[in-house]
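Data block below; observations after.
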Amino acid sequence: MAMDGYLWMVILGFIIAFILAFSVGANDVANSFGTAVGSGVVTLRQACILASIFETTGSVLLGAKVGETIRKGIIDVNLYNETVETLMAGEVSAMVGSAVWQLIASFLRLPISGTHCIVGSTIGFSLVAIGPKGVQWMELVKIVASWFISPLLSGFMSGVLFILIRMFILTKEDPVPNGLQALPLFYAATIAINVFSIMYTGAPVLGLSLPIWAIALISFGVALLFAFFVWLFVCPWMKRKIAGRLEKESALSRASDESLRKVQEAESPVFKELPGAKASDDSAVPLTSLAGEAAGASEGTSAGNHPRASYGRALSMTHGSAKSPISNGTFGFEGHMRNDGHVYHTVHKDSGLYKDLLHKIHVDKGPEEKPAQENNYRLLRRNNSYTCYTAAICGMPVHATFRASDTSSAPEDSEKLVGDTVSYSKKRLRYDSYSSYCNAVAEAEIEAEEGGVEMRLASELTDPDQPHEDPAEDEKEEKDSAEVHLLFHFLQVLTACFGSFAHGGNDVSNAIGPLVALWLIYKQGGVTQEAATPVWLLFYGGVGICTGLWVWGRRVIQTMGKDLTPITPSSGFTIELASAFTVVIASNIGLPVSTTHCKVGSVVAVGWIRSRKAVDWRLFRNIFIAWFVTVPVAGLFSAAIMALLMYICGFVSSSR
């Protein structure tokens with residue numbers, strides 16, 4: 001059959017396919033390196049470079065098998081034998097519908113499934129062109145089932161692996177020995193899965209024809225050699241590196257303790273003067289001095305304990321963008337107090353949230369008077385956002401009455417600084433960063449005692465019998481120790497590369513599957529598409545994916561890597577390995593699972609195991625809703641384009 005008259009459709013298909021690959025790169029590649037960027041093991045630029053290499057390689061070696069399912073597994077192409085041009089128009093419509101919806105989703109920073117898009121678009125044009133009989137509904141049922149199986153399976157595998165790692169490594173007093181012993185096993189598992197995937201799926205491309213037992217044996221042998229190399233060279237090097245890091249941290253800790261001792265009697269930077277006091281007045285007494293004197297007069301309390309404990313907790317519990325003159329952390333109370341009794345801290349004007357923060361402050365201007373048991377003893381979780389600074393803003397109206405001691409003056413001569421009662425009210429200032437709340441609000445309580453003032457931050461110095469959240473426990477859940485960070489640092493990079501490789505093999509078919517069908521129909525003049533998928537078309541799709549990643553990828557990386565749950569190198573390694581293993585297995589059997597579902601399932605499972613409050617369930621709900629919306633929306637776009645092409649070009653429906 002002469003196809004020269006439809007060359008314009010092929011050219012249009014190549015252009016749209018590149019746009020579709022661009023949208024896949026902008027949206028779905030965040031699944032691969034989002035957690036690595038979120039945990040801080042790689043920068044965004046490094047992630048883009050590594051993803052470009054492994055996405056392209058994976059698309060060439062693994063993309064052909066899944067592409068066959070996308071091309072011929074969803075609709076019955078034999079029904080288009082008499083109207084080949086209708087099928088070609090349908091492939092163009094499918095690419096348009098999928099590309100439009102993915103670009104919209106990327107603009108809105110919604111992580112959606114590229115597989116869902118192309119499946120929905122394919123069904124959409126088929127319903128217009130040939131009616132319900134053109135869809136292989138049983139195949140669609142299997143695909144829909146895989147959308148639920150993949151996050152559950154990936155989440156289960158990630159959860160089990162993380163529990164084992166936490167049990168044998170993370171919770172140990174000294175995690176280094178067990179971690180070093182497990183390193184060869186972790187590397188071997190990663191390499192074995194990767195080699196098996198390449199040999200099993202990419203063997204035809206490499207000109208190899210091996211039985212599965214031979215491929216498994218080769219994969220096991222390569223993994224064993226790699227494990228021996230890690231045990232012989234990497235483990236001793238890692239042990240020396242960890243020892244050096246711990247020695248440096250010990251020296252810094254000793255220096256920090258010495259600095260704190262020197263400033264124990266100095267003026268605290270939290271409150272340089274109490275509200276209402278004048279600079280020239282004798283009543284402007286440093287808070288730490290008052291606390292120390294009060295502590296000295298109290299039973300069973302040493303004179304130096306309170307100020308140091310209070311100030312130390314302030315340093316350890318707050319995280320923001322300003323530098324403290326004393327602490328070696330990222331935030332210290334380097335604010336200043338005004339006469340309204342509030343402590344103010346600087347928010348960078350270029351952070352992109354300056355106006356929004358001012359609006360929030362204006363909205364929250366009215367005081368919230370709540371019972372102490374509801375307001376106190378809370379530390380809002382910090383969720384680092386990719387596009388903003390995390391600010392620590394204390395809204396602390398201070399009302400304190402000072403009564404001089406009996407030896408200094410009479411009670412009637414004591415100066416009333418602010419009021420006759422002690423009250424504490426709190427404003428919770430929160431601001432949106434797209435889909436996340438980025439908060440780190442330190443709470444403070446100023447209370448008057450006989451002979452002085454005691455400062456307490458959050459719930460650190462309160463009654464231990466009072467039921468409240470333990471911020472220290474939350475902090476343990478969110479951070480790896482220095483040695484654990486080093487152990488899993490490169491492992492997460494390796495597994496991220498592995499995940500990118502698997503993503504390229506699975507998702508390039510979403511962009512190139514319809515183009516491959518269009519090209520083979522044009523070259524062969526029929527709908528059978530018996531020829532193998534051309535490698536250069538897979539490479540073309542890989543280039544489009546990488547372009548989308550570099551231009552727009554950072555928009556969705558934020559959601560997967562930072563907003564859904566806090567990521568550490570240990571949890572990131574678990575998420576990457578288990579989800580990538582699920583995707584590769586699915587790719588090898590030709591099942592077009594969603595990498596988004598696998599990664600989201602792993603992220604949520606590990607985050608829930610670490611802490612139920614660590615997962616942004618609101619964001620997860622939105623992602624879950626998007627899974628159901630994508631298929632019909634992409635199908636509607638595709639159906640509309642197909643109806644338009646059939647009307648303009650006069651194509652005849654194959655159902656007639």
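Just so you know, glycine gets a Cβ as well, placed from its N, Cα and C.
Note that this is a predicted model, so its numbers are computed, not measured.
The N-linked glycosylation site annotation in Swiss-Prot covers Asn81.
Counting only residues at least six positions away in the same chain, no Cβ atom sits under 8 Å from the Cβ of Ser253 (phosphoserine). Under the heading phosphoserine, Swiss-Prot lists Ser253 (among others), citing a large-scale study or a structure entry as support.
The phosphoserine annotation in Swiss-Prot covers Ser256 (among others).
According to Swiss-Prot, the feature phosphoserine maps to Ser259 (among others).
The feature phosphoserine is assigned by Swiss-Prot to Ser268 (among others), with similarity to another entry given as support.
The phosphoserine feature in Swiss-Prot is assigned to Ser316 (among others); the stated evidence is similarity to another entry.
Look at Swiss-Prot and you will find Ser385 (among others) tagged as phosphoserine.
Residues or ranges marked as topological domain 'Extracellular' in Swiss-Prot (evidence: sequence analysis): 1-5 (among others). Mean pLDDT for the topological domain 'Extracellular' (1-5) in this predicted model: 67.
Taken from Swiss-Prot, the feature topological domain 'Cytoplasmic' applies to 27-46 (among others). Listed as Cβ neighbours of the topological domain 'Cytoplasmic' (27-46) (distance under 8 Å, sequence separation of 6 or more from its ends, same chain) are residues 54-55, 102, 105-106, 111-114, 384, 386, 489-490, 492-493, 496, 499-500, 503, 507, 510, 545, 548-549, 553-554, 556-562, 566-569, 571-572, 575-576, 579, 595-596, 598-599, 603.
Summarising the annotation, Swiss-Prot assigns topological domain 'Extracellular' to 68-86 (among others).
Residues or ranges marked as topological domain 'Extracellular' by Swiss-Prot on the basis of sequence analysis: 131-142 (among others).
For 164-190 (among others), the entry in Swiss-Prot reads topological domain 'Cytoplasmic'. The list of residues near the topological domain 'Cytoplasmic' (164-190) in space but at least 6 beyond its ends in sequence, with Cβ under 8 angstroms from a Cβ of it, reads 223-224, 226-228, 230-231, 234-235, 238-239, 242, 480-481, 483-484, 487, 491, 494-495, 498, 570, 573-574, 577, 609.
The topological domain 'Cytoplasmic' annotation in Swiss-Prot covers 235-483 (among others) and is backed by sequence analysis.
Residues or ranges marked as topological domain 'Extracellular' in Swiss-Prot: 505-531 (among others).
Note on the topological domain 'Cytoplasmic' (553-572): DSSP counts are 14 helix, 0 strand, 6 coil. What Swiss-Prot records for 553-572 (among others) is topological domain 'Cytoplasmic'.
The feature topological domain 'Extracellular' is assigned by Swiss-Prot to 587-594 (among others), with sequence analysis given as support.
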Which of 110-130, 214-234, 484-504, 573-586 contacts the transmembrane segment (143-163) most, counting Cβ pairs under 8 Å: 573-586
Dominant neighbour of the transmembrane segment (6-26) in 47-67, 87-107, 595-610, 623-643, by Cβ pairs under 8 Å: 87-107
Cβ pairs under 8 Å between the transmembrane segment (623-643) and the transmembrane segment (87-107), at least three: yes
Two-stretch contact, the transmembrane segment (47-67) and the transmembrane segment (532-552), at least three Cβ pairs under 8 Å: yes
The topological domain 'Cytoplasmic' (164-190): DSSP-derived helix, strand, coil residue counts: 22 helix, 0 strand, 5 coil
Considering the transmembrane segment (110-130), which listed stretch of 214-234, 532-552, 573-586, 595-610 counts the most C-beta pairs under 8 Å: 595-610
